């Protein structure tokens with residue numbers, strides 16, 4: 001019994017440095033844009049409070065349990081009854097109230113802050129990109145540029161972007177931890193999310209809201225480019241990419257896992273899922289399950305990689321690593 | 001529907017389970033027949049209306065479901081222990097995390113807590129049973145049938161696969177056309193009716209049946225928390241009933257409450273679900289708080305510090321719990337004002353919770369702390385739950401939640417709340433009240449193995465999840481790539497889950513060992529308790545108290561012991577009126593189960609025909625004029641003499 005306890009203690013002690021070593025590289029603590037930075041600041045602020053609370057309670061707990069433990073030589077004493085203590089009870093009622101206020105002020109400020117164009121960028125006209133989530137892929141439409149991408153989105157760095165988000169079916173959550181936190185995408189609804197990337201780079205994005213078999217594979221890449229590179233990329237897409245047709249779009253909305261794609265034109269010209277009409281693309285038969293059978297999405301995946309995306313200089317190198325975490 | 005669609009086929013794991021289930025059932029039936037125990041089972045258990053036996057059946061079912069839910073958890077941990085493992089496919093994994101969640105909350109936590117409430121509350125208030133004993137039996141059978149219906153889904157027809165929250169539109173026919181999510185809608189509905197009836201039963205019991213002199217502020221704290229929980233059940237469960245009814249209508253009859261098509265509103269499901277779901281968290285946590293309070297006071301040999309503020313804190317938490325549901329979807333695109341208000345109400349829950357933590361600490365201060373197993377669980381609860389609590393406050397801050405929502409950070413948080421808050425409490429409660437239920441203690445030494453393995457395994461399993469969550473891992477992912485760097489965290493976590501499982505195995509062994517070998521000579525009050533349940537024999541006699549005790553202060557029994565006034569007088573014995581056994585609750589339960597099964601498969605003709613069984617049960621029940629029976633004084637005297645010695 002004693003040996004077990006000691007072994008377990010040792011194991012726990014060994015685990016602590018492992019945890020701490022991992023900490024500094026955690027994605028949430030490594031923001032790459034002003035919006036994510038204000039979220040991280042709030043998180044760090046709250047963690048300091050929480051650590052103080054945890055330390056106070058742990059110390060008090062350890063002290064009391066140790067000091068007042070039953071001893072063989074305490075003569076089996078009978079502790080005095082105590083009803084309570086008004087002063088003490090008022091103190092530990094008041095302290096949490098102060099903490100609540102201290103947490104609520106920056107929380108509210110940040111809540112309002114992230115719903116708007118970030119400070120310093122008010123003068124610039126945000127680039128609007130429509131996000132449509134489907135099973136199990138992300139579709140990005142650039143209405144002003146009249147192009148559409150699947151499972152990756154290129155944005156200009158150091159420039160505000162506004163995502164107008166909806167879903168073609170199930171509910172998803174659009175999350176880019178290094179740049180902007182997350183929000184749901186819902187059929188017949190539109191949610192909005194601002195984002196700025198400080199510098200060019202590749203950022204990890206994924207769906208966090210479970211939506212069926214292909215959910216685990218529903219990640220995407222946000223690639224921030226220099227202004228000129230971005231414009232060049234748009235031009236290249238317009239020159240080389242295939243036209244998105246209604247048939248191809250209907251095919252796209254089937255429940256599949258696919259790679260990246262790039263198109264001329266957007267689907268917004270015939271449907272905006274934020275305003276209804278998604279049902280004509282839905283086919284429950286495609287969602288029937290066969291236990292122990294092959295994943296229906298698997299063969300689609302190989303089929304699609306051949307005709308995958310227009311290869312451009314910028315994203316050719318990324319396509320091989322799009323499954324992973326960009327920052328590691 | 002062909003047979004291979006009816007039974008789930010093609011998966012060796014499930015085939016193994018099917019065979020195991022079949023063999024176990026045959027084995028059980030053979031064993032009972034061989035031992036000639038059918039009559040005994042029927043008379044003593046299946047038809048019983050005794051709150052203590054019903055409580056024990058709840059606990060037994062809860063432990064069984066803990067095993068099932070735990071195996072689900074282990075399978076998930078195994079699948080994610082290494083990147084890109086092919087142990088489970090996506091569909092199988094989705095079904096497993098769905099059943100894990102539903103079973104752990106509704107079929108493990110709920111019955112274990114309601115079971116202990118059933119055993120303890122009437123004893124603590126000096127009553128002879130609950131207010132409606134037959135309804136109590138019906139509650140149990142509806143819960144049990146609901147749980148069994150839900151459990152057979154993985155071998156017959158396929159399990160639900162939309163998560164325990166069953167979010168629409170995914171949970172609608174548009175995206176999950178199989179029978180899996182029908183099981184969710186129907187089985188939870190049946191079990192939910194049972195729970196609602198339990199809530200009503202306990203509200204009435206505690207209001208009407210307290211011992212003479214036990215005014216509100218003289219009630220034991222566990223009874224208080226059970227009372228507040230019952231009120232929450234009555235307030236919150238009807239919302240779930242309605243939501244499930246809409247879900248059933250959508251899935252079985254093609255209505256459009258929550259669909260994408262035809263103007264349905266999936267967000268309505270989220271609101272209804274969490275309007276029930278958040279109070280539900282407190283429904284399971286509040287009685288647990290009550291248990292810790294009883295155990296900490298008993299094993300510190302002091303009364304509970306700040307009893308009144310504890311009561312107000314519980315009531316405050318219950319009230320606030322109805323006002324926070326939106327924090328489950330801050331990311332739905334609510335206005336900043338809405339998110340701010342719900343952040344505030346959510347963080348405010350930390351205030352009464354903090355009061356409770358400090359009151360527990362100060363109950364121990366200047367006490368004499370004995371490290372019995374029940375107390376160890378209560379002690380481990382405080383630091384572990386504190387971690388769950390502070391991370392809860394972090395999640396409550398809506399803007400910060402944009403980074404935590406739906407990630408493993410959230411998963412770690414709610415396991416840090418629910419496992420210390422509920423599971424530790426149930427363990428503490430079982431060790432504490434076990435002698436009152438069975439007349440012997442669980443072994444303390446095996447109990448220590450149970451304790452250390454489980455607590456250390458728990459921390460190993462869930463602590464790493466905070467970190468992978470902050471590193472971008474969302475919940476419910478069946479696989480991940482090597483390049484994410486999550487593998488070491490998740491591998492460590494998987495090892496922890498095995499340690500935790502070993503702890504659970506130690507508990508099972510402890511129950512077996514103690515049942516066979518533990519001393520039966522524990523007396524009526526083995527822990528030097530403070531409340532009325534310790535004033536009667538262990539195990540408690542079926543009439544609970546030969547003479548209804550009178551109470552004139554809180555912890556009355558404690559002081560009466562010191563004054564030497566715990567005895568009863570022969571002249572006070574009067575015949576005791578007791579309710580008779582009844583066959584209608586189990587009959588109705590089974591009838592609901594049959595109708596439910598046909599509804600799951602949408603075999604409406606059979607469902608309509610078999611619902612005649614429900615009508616028969618109800619009618620038979622209405623014409624049941626049995627008014628119970630009386631236990632004669634001689635019999636009371638004889639039973640009391642056995643443990644009290646000669647009566648004066």
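Just so it is clear, glycine is given a Cβ too, placed from its N, Cα and C backbone atoms.
Owing to the predicted nature of the structure, the values given are computational and were not obtained by experimental measurement.
Within the listed segments B:489-512, B:513-536, TrEMBL records transmembrane segment for the stretch B:489-512. Looking at B:251-270, B:311-330, the stretch flagged in TrEMBL as transmembrane segment turns out to be B:311-330. Two recorded stretches are said to be in contact when at least 3 C-beta pairs lie under 8 angstroms, sequence spacing 6 or more; the transmembrane segment (B:221-247) and the transmembrane segment (B:96-123) meet this definition. It is B:586-619 that, among the stretches B:12-35, B:336-362, B:586-619, forms the most Cβ pairs under 8 Å with the transmembrane segment (B:183-209). Across the domain 'Cytochrome oxidase subunit I profile' (B:34-552), the model assigns an average pLDDT of 93. When the stretches B:56-76, B:135-156, B:311-330 are ranked by Cβ pairs under 8 Å to the transmembrane segment (B:12-35), first place goes to B:135-156. It is B:56-76 that, among the stretches B:56-76, B:135-156, B:311-330, B:586-619, forms the most Cβ pairs under 8 Å with the transmembrane segment (B:489-512).
By the Cβ criterion (under 8 Å, sequence separation of 6 or more), the transmembrane segment (B:135-156) is not in contact with the transmembrane segment (B:311-330), since fewer than 3 such pairs are found.
Listed by sequence, the residues of this chain that lie at least six past the ends of the transmembrane segment (B:56-76) yet keep a Cβ under 8 A from its Cβ atoms are 13, 45, 87-88, 93, 96-97, 99-100, 103-104, 107-112, 114-116, 118-119, 140, 143-144, 147, 151, 426, 430, 437, 497-498, 501, 504, 508.
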